[in-house]
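Worksheet: one structure, shown below.
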Amino acid sequence: MAIVDLVNAGEQQQMGSKRAAAEDGDGGVDDSREYYCRRGVRHLCDSGITRLPGNYVLPASDRPGQAAGAAAAAGGSVKLPVVDLSRLRVPSERGAVLRTLDAACREYGFFQVVNHGVGGEVVGGMLDVARRFFELPQPERERYMSADVRAPVRYGTSFNQVRDAVLCWRDFLKLACMPLAAVVESWPTSPADLREVASRYAEANQRVFMEVMEAALEALGVGGGGVMEDLAAGTQMMTVNCYPECPQPELTLGMPPHSDYGFLTLVLQDEVAGLQVMHAGEWLTVDPLPGSFVVNVGDHLEILSNGRYRSVLHRVKVNSRRLRVSVASFHSVAPERVVSPAPELIDDRHPRRYMDTDLATFLAYLASAAGNHKSFLHSRRLY
């Protein structure tokens, strides 16, 4: 059900008192939670708050730098393995690139794709229109606000704003992208060039996904014909994320630890660091590589690979100095298609590890649970 678009005049007059209540800093849930869910963090940032509202304050054990390891506390970073698509297209070099891709999916669950063929004007245009969307007046953005996780176009806040015990410092715009011609007319009309720019980016992103996914199946030794056909007719959801400047970033997160549904997620980052991956028990910040896509293995690919490829936990930190924008594209099969471990990857030494699943099952789970800390994927495990 859509959330009310505009607060009434009485709510506007109460804003000062709500801000004061929000800045009590005790970490508890105060009476402003519904207000925050309706307005989002960009509005809070623009209102000039100087302390983090209690609804956004994480328990001490979950705060950045506290949950895992010295590297996180010290601000450790990681340069992810790099997959060069231009080399993948050269027959004499393809084998070496496939080995790099295979090792990255097994060890990190993350890698960066370069020389992907998507022009700088497409990538830069997408980041630019994303920033301009979040600069729109609040009433314009609120037209698309919904708490329905199944909505094809949805502006929202936090991670799962209906069920999050503590809200995340993040606003987002989700756009269903397939079939593109059927959904683009439901996308926002402001900024005026959003539909044109985002559709061009979505098409290019889908092409990169298909090329990388075909390579991943080849590296696994899995016959990819049927899978690739299902993915070509599958789903693509683009999430445009906005992480505004936060007055006390050490107390909260932009996104909690989670893994992604689907086969692969392709993330376009701006120059502001924030994405962290869990590796060897430590939270490590991914160094942004201009013009690249950060790609991570999703739950469906871990299932299809029978656990050989890893869908790993990741999260997003925020900062007090610069707004951060990213665009994540989630790719999978159609909701009714079943994902199973590939028969080629099951034998006496490698018994089947996962139950069959589908996207509809995931969406139902997300609507009924917090959906973080890989709990959905764990729910599909046989042992």
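Cβ coordinates come from backbone N, Cα and C, glycine included.
Now, the feature entries from Swiss-Prot:
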BINDING   Tyr243, Arg324, Ser326  2-oxoglutarate binding site
BINDING   His258, Asp260, His314  Fe cation binding site
DOMAIN    234-333  domain 'Fe2OG dioxygenase'
REGION    1-27  region 'Disordered'
Residues lining the Fe cation site besides His258, Asp260, His314 (CB within 8 A of their CB center) are Met255, Pro257, Ser259, Thr265, Asn296, Ser311, Val312, Leu313, Arg315
All chains considered, the count of other Cβ atoms within 10 Å of the Cβ of His258 (Fe cation binding site) is 20
Tyr243 (2-oxoglutarate binding site) sits from His314 (Fe cation binding site) (Cα to Cα, rounded, in Å) at a distance of 16
According to DSSP, Asp260 (Fe cation binding site) sits in coil
Cβ contacts within 10 Å for Arg324 (2-oxoglutarate binding site), all chains included, total 23
Not counting Tyr243, Arg324, Ser326, residues with a CB within 8 A of the CB centroid of the 2-oxoglutarate site are Arg170, Asn241, Cys242, Gly254, Gln269, Asp270, Val272, Gly274, Val316, Val318, Leu323, Val325
Expressed in angstrom and rounded to a whole number, the 2-oxoglutarate site built from Tyr243, Arg324, Ser326 spans a maximum Cα-Cα distance of 9
Ser326 (2-oxoglutarate binding site) to Asp260 (Fe cation binding site), Cα to Cα, whole Å, comes out at 15
Looking only at the domain 'Fe2OG dioxygenase' (234-333), mean pLDDT returns 96
In all the protein chains shown, the tally of other Cβ atoms within 10 Å of the Cβ of His314 (Fe cation binding site) is 25
The number of other Cβ atoms within 10 Å of the Cβ of Ser326 (2-oxoglutarate binding site), counted over all protein chains shown, is 25
